[in-house]
Amino acid sequence: MIGGERGETGYITNQNRLFEITDNSLRHYIHLRNLNLRDNNLSTLSWRTFQNFNISVPILLSGNPLDCVCENLWIKMRILEDSEGPDPECMDERGVTQEFATLTPPDCVVPLVEVNPKSVTEMQGSNVRAVCSASGSPAPEITWNLDWLSTHHEIDPSDTKSILTLTDLSPDDHGKLIICSAENMVGQGEATLLLNILFAPTIVQLLEPEQDHHWCIPFSVTGNPKPDLQWYHDNVALQEQDHIRTMIHVVTEREYHGCLQLVDPTHIHNGMYRLVAKNKYGRDEKKISASFIEPPDFGEGDDIDPQLPPLDDSVAVYVVVGIAGVALTGCVLMVIILKYGRNSNPLHHVSNGNNTPSSSEMGPDAVIIGMTKIPVIENPQYFRNSGSMLKSDTFVQHIKRHNIVLKRELGEGAFGKVFLAECYNLTPDQEKLHVAVKTLKEANESGRADFYREAELLTNLQHEHIVTFYGVCVESDPLIMVFEYMKHGDLNKFLRSHGPDAVLMSDGQHSIMVELTQSQMLHIA
């Protein structure tokens, strides 16, 4: 009997008066580093007893009356004797001892195994036939290891070979190795059959987005050959870039686990995402809805006008008459104003006794104030060219909506709200740049006209001391103007916050309650 704890790592030594060790006696001692069986009464040892041991584990057997028989031939090929100890010997039928190195018992050959074919490449649902042949002496026993095989199988055994038939190949068995082994008392031999099963892709799972370091839409796909993956965002093919791309994290024999990685997505990336996987044997697709960030509230009203109830005939008559009366009154007032307004000169800009200046004396850029036409002289330091302030062919830079990533709201101006944003590919020397984004609150025709006029003016108005105007985004509502971001605010705020009244202008953060001196009160009075 062998003592010690199961799975123990260490040594088994000083075992005395052992006559036999069964095949299963040492199956739990898989981490042994040394096994000392010297000076016992062991005559035979089966190779199966030590088949789970590492080949580098020393097994010391000297001092045992081992027989020179076929069952002990494995010792000649396997044993690693202590270099300082005596070489193991065996005793033949005549009682003569000899070294194991010279042992050659008759009819004692290790099994030799061969599987034909060694690998198969077949479509899902096909049938496969493989033959395992074995030779050796004594005649070996042939077995197939079919554990965890999903495909239906049958075995037809014989003396020297075994035929394996696989029916309706399953994709779950792609990449598996089927082992054929042959054993006799001398030892064991093995050969393998590799299954390469071809099948159409299947999207096993497509999960909702999750946020770790970056946003990720996880998926798992099977298929052989490896399927090609294509993403669609709201039915538009997704062009992968550095900030949005497919990442494969784990690859097994038949599955690919990964995710669509998005770096800092915004509301424009919200929507329906569809994954299409295909190879030459078929395709599969799945879709998932993704919402990364709530869209900003630009203050737009409801686009749908409420449906008013129809008016009856009497009310309609009164409405028409009222509108006509108001229009007639307006026309009369307009005629009176035009008639008597010509005799007045509100700003008194009369030159050389003439009531109206001649258009030939002034340029086309003159501005009429009252009844006087005053020329406007453009400062060439602030305009790109020496022509008129607004040219009909002025080129306003247009910026793609997907290159603008909103961060937070800064305030509200005359046109609409202003946001801090990141803008990509705006300048050739910087990949992204912080900008101020001004939105158009009113999307009517008048508001749009003012928007375009201001954009044309700002495009021509360029100076190092004026906030830079980069361009507009008019792909969809709301219309957007993109300006240089001034992190210190406007000039007025900057001067006040750095002037002598900075403490009084700091919203009470540093205010100190002090009494006014007599001179200060006199100054105030």
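If you go along the chain as it appears here, the first residue is 1 and each next one adds 1.
Cβ atoms here come from the backbone N, Cα and C positions, even for glycine.
TrEMBL entries are annotated by machine, without manual review.
Among Lys432, Lys438, Lys487, the residue that TrEMBL places alongside Leu410, Gly411, Glu412, Gly413, Ala414, Phe415, Gly416, Lys417, Val418 at the ATP binding site is Lys438. Once the Cα atoms of Leu410, Gly411, Glu412, Gly413, Ala414, Phe415, Gly416, Lys417, Val418, Lys438, the listed binders of ATP, are compared pairwise, the greatest separation found is 14 Å. Same-chain residues at least 6 positions away in sequence with a Cβ under 8 Å from that of Leu410 (ATP binding site) are, in sequence order, Val418, Phe419, Leu420, Ala436. The sparsest Cβ neighbourhood within 10 Å, among the listed binding-site residues (Ala414, Val418), is found at Ala414.
Taking the mean position of the Cβ atoms of Leu410, Gly411, Glu412, Gly413, Ala414, Phe415, Gly416, Lys417, Val418, Lys438 as the ATP site, the remaining same-chain residues with a Cβ inside 8 Å of that point are Thr439, Lys441.
In three-state terms derived from DSSP, Leu410 (ATP binding site) belongs to an extended strand segment.
Look at Val418 (ATP binding site): DSSP puts it in a strand.
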